[in-house]
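Record features, source TrEMBL:
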- 87-745: domain 'Cytochrome oxidase subunit I profile' (DOMAIN)
- 111-131: transmembrane segment (TRANSMEM)
- 152-174: transmembrane segment (TRANSMEM)
- 194-212: transmembrane segment (TRANSMEM)
- 348-369: transmembrane segment (TRANSMEM)
- 389-412: transmembrane segment (TRANSMEM)
- 448-466: transmembrane segment (TRANSMEM)
- 478-496: transmembrane segment (TRANSMEM)
- 508-529: transmembrane segment (TRANSMEM)
- 541-562: transmembrane segment (TRANSMEM)
- 574-600: transmembrane segment (TRANSMEM)
- 612-634: transmembrane segment (TRANSMEM)
- 654-677: transmembrane segment (TRANSMEM)
Amino acid sequence: MFGYSFKFNFLLDSLKNSSINFRQVLVYSKFFTNFVALTLGNLNKEISYSFKHSWLYFVHLLEALQKTMASLSVNTLYEISFEIKRLFDRYRYFFKKHIYTINHKRIALNYFYFSMWTGLSGAALATMIRLEMAYPGSPFFKGDSIKYLQVATAHGLIMVFFVVVPIFFGGFANFLIPYHVGSKDVAFPRLNSIGFWIQPLGFLLVAKIAFLRTTSWKYYDKTSFFLQPYNKFVYKNFFHFLTGELSFNSFKQSLDEVLFLFLWKPRKKITNTDYTSFFFNPLNLSFLDSFFYYSDNLWSLANKVVSSRRKKIYVTKCSNRAAVTAGWTFITPFSSNMKYSGFGAQDILLVSVVLAGISTTISFTNLLITRRTLVAPGLRNRRVLIPFITISLLLTLRLLAIVTPILGAAVIMSLMDRHWQTSFFDFAYGGDPILFQHLFWFFGHPEVYILIIPSFGVANIVLPFYTMRRMSSKHHMIWAVYVMAYMGFVVWGHHMYLVGLDHRSRNIYSTITIMISLPATIKLVNWTLTLANSAIQVDLVFMFFCSYIFFFLTGGFTGMWLSHVGLNISVHDTFYVVAHFHLMLAGAAMMGAFTGLYYYYNTFFDVQYSKIFGFLHLVYYSAGIWTTFLPMFFLGFSGLPRRIHDFPAFFLGWHGLATCGHFLTMIGVVFFFLGIFDSTSENKSSILLNFGIPKIAKRAHLYFFKISYNNYINETASELPRVETRKFIIENTFNEYECVLPVLK
């Protein structure tokens, strides 16, 4: 058996490293048939042996069960039946409460739980990346750069589409918006439930790329322009194969006609088709299998190439892992061309993004209709009466309504380029690969503001509560968010300075990007003014808010560097970019989410949060994020590129420090989940502070502050001259410096 395997592997390697003579390949068909037959024989023996011992075990189990039943009494049977009924009722209650629910609060909690699981999976992928970059020499992936890119791609997709978006627009929006607009529920509760359950489907597709087969034989022919999936007579046997015979089979003589997408004109009739006797084809993991079929068998491909009149034909051995080298931004032509990425992982990622877009579309449509139709009469046209967090959430839902169809169109066009022989992004056939980047970043950059603007709303609702002051200049804060959101639609080109934009366009994008710093500065100034001369109660939520401010300030400041054309070109595609957007997302956006989660903790979960684990979560998570991403700024200044699985030993210090910081962050995440477990197990009842009504201690603290503040004002005012004295000084001192202008005649 080992000899056959060695010869077969040697044959494949020789075919891969030399020019393929397909007529010679057919000579090895009988050898391949013998190889598969031997494999099947060994497999049959193992199955028979396992079945025999499994049957003996089943017989012994039945005998033991018979003896046990004979020794049971009637009371014992009654107790067992009662326990079974109790378990059944419990699980029925669980399904009714969590699975079949249409309550907006329960669906919001499902979004939170889903984001926790996806966040853990994304953090596990980030841990793989940091272990790979801990030392030079590829210690984790052992030089497999394709697998490293696969992990980095899945990490980016999961964190953006399946962690942050469900937290804000699934969790906070579903729970708070109906309450804050005066409605009992959303406009379409069942549609709301459907929108949630589509999210796990997309996440499972992203996770599925880790379980695909590693290699496959792929056929690529751009000269064939359309498929023929509707010729039912030709494809009758093929569909029968898909539905009924998914194993080793002996096919009919019409295999050459039914197995492929295109009809061929053979030069001569090939009579020897013995090599198809044991054709093995496991079911591919894609929805396209019900319509089309891509063969990955070398021998049948060789037959087709020999009998073909086509000229431009590629037959390559591709890796399904190589299909995700385009990254989470799906850079064309790698993501849109079957020549560069095999059938499998890339298609699954594209479909997962489509599912995430469908779920988001259902959510924002439902919530915006709720705001329009179910709002309380007094709030219909009075935006200033709605809480800050709801204002920011409704604004970002409108932004999602604009940009989500653009991303869906780009992804669907990419799928059409891959499977339906269009050429939207294929330059050789009249397409434009840069068009996909324009479409993606027209979605991608507003998406950044979509993720960060809800955290502004959280900050604006937390800060007045812990300072006992209303927000400074509420109208300016609202319009700053609006200006920032809508200016974000016209700056997507700063992601594309190196794709060939003319200098005029780059200057326009750069200028407008810098202008966005003005509304962000307005927000920071108003937060500072609200903090000034206020009765601050330093609590866990307030400390999360302070950490959020520092993350947002640093991330925004480093983003201004990237808006400049020259500086952007010097650090483009380096670790500087990685540090910048991780400080904004893993730092600012997630800190805003944690701030809101702890602020509304017992509104969501009906228990108090664990303060000790909350403080540990804050300290370790914040310290870990700073320690992870500050070194990456210096790596970017040194020009070290990202998406490369190895690096010179010269940068070991910065990368080692970043890896240590990542594990600090993971410790903080562990404390977060320990806090959830501790608060649930303690099950402390809610207190008034968490519902927005101050405690007696906080009210007394405010009184002491007001008394001391009034004493300070009185002491300062006593040192100033009285009103009569000031009037006398003004009238008798400043008049002599006045000059009368001569009247010109």
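Cβ coordinates are placed from backbone N, Cα and C, and glycine is handled just like the others.
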## Note on the structure
Relative to the transmembrane segment (194-212), the stretch among 152-174, 478-496, 612-634, 654-677 with the most Cβ pairs under 8 Å is 152-174
### Query
Cβ under 8 Å to the transmembrane segment (612-634), counting only same-chain residues 6 or more beyond its ends: which ones?
130, 540, 543-544, 547, 551, 558, 575-576, 578-579, 582-583, 586-587, 591, 594, 598, 654-655, 657-658, 660-669, 671-672, 674-675, 678-679
#### Entry: the transmembrane segment (574-600) versus listed stretches 111-131, 152-174, 478-496, 541-562: most Cβ pairs under 8 Å
541-562
### Task
Count, for each of 448-466, 508-529, 541-562, the Cβ pairs lying under 8 Å from the transmembrane segment (478-496), and report the range with the highest count.
508-529
### Query
Hey, which bits of the same chain come close to the transmembrane segment (508-529), Cβ under 8 Å, at least six residues off its ends?
456, 459, 463, 471-473, 476-477, 479-481, 483-484, 487-488, 490-494, 497, 501, 549, 552-553, 556, 560, 563-565
### Task
State the residues, same chain only, that lie 6 or more residues beyond the ends of the transmembrane segment (348-369) and have a CB under 8 A from a CB inside it; answer 'none' if no residue qualifies.
153, 157, 161-162, 165, 169-170, 173-174, 177, 186-188, 191-192, 194-196, 198-199, 201-203, 205-206, 208-209, 212, 285-287, 324, 330, 335, 393-394, 397-398, 400-401, 404-405, 407-408, 411-412, 414-415
### Task
Could you tell me what the rest of the chain brings near the transmembrane segment (541-562), counting residues at least six beyond its ends with Cβ under 8 Å?
452, 455, 459, 462-463, 466, 494, 513-514, 517, 520, 524, 527, 568, 571, 576-577, 579-581, 583-584, 587-588, 591-592, 594-595, 598-599, 615, 618, 622, 625, 633
### Residues of the parent chain within Cβ reach of the transmembrane segment (152-174), under 8 Å, 6 or more residues beyond its termini
104-105, 107-109, 111-112, 114-115, 118-119, 121-122, 125-126, 129, 186, 192, 196, 199, 202-203, 206-207, 209-210, 324, 326-329, 349, 352-353, 356, 360, 363-364, 367, 389, 393, 396-397, 400, 447, 451, 454, 458, 585-586, 589-590, 593, 596, 600, 643
#### Entry: Residue numbers, six or more beyond the limits of the transmembrane segment (111-131), whose CB comes under 8 Å of its CB atoms
139-141, 148, 151-152, 154-155, 158-159, 162-164, 166-167, 170-171, 174, 196, 199-200, 203, 207, 597, 604, 628, 658-659, 662-663, 666, 669, 673
### Task
Take the transmembrane segment (448-466) and find every residue of the same chain, 6 or more past its ends, with a Cβ under 8 Å from one of its Cβ atoms.
160, 164-165, 168-169, 172, 387-393, 395-396, 399-400, 403, 477, 481, 484-485, 488, 523, 527, 530-531, 536-539, 541-542, 545, 548-549, 552, 581, 584-585, 588-589, 591-593, 595-596, 599, 692
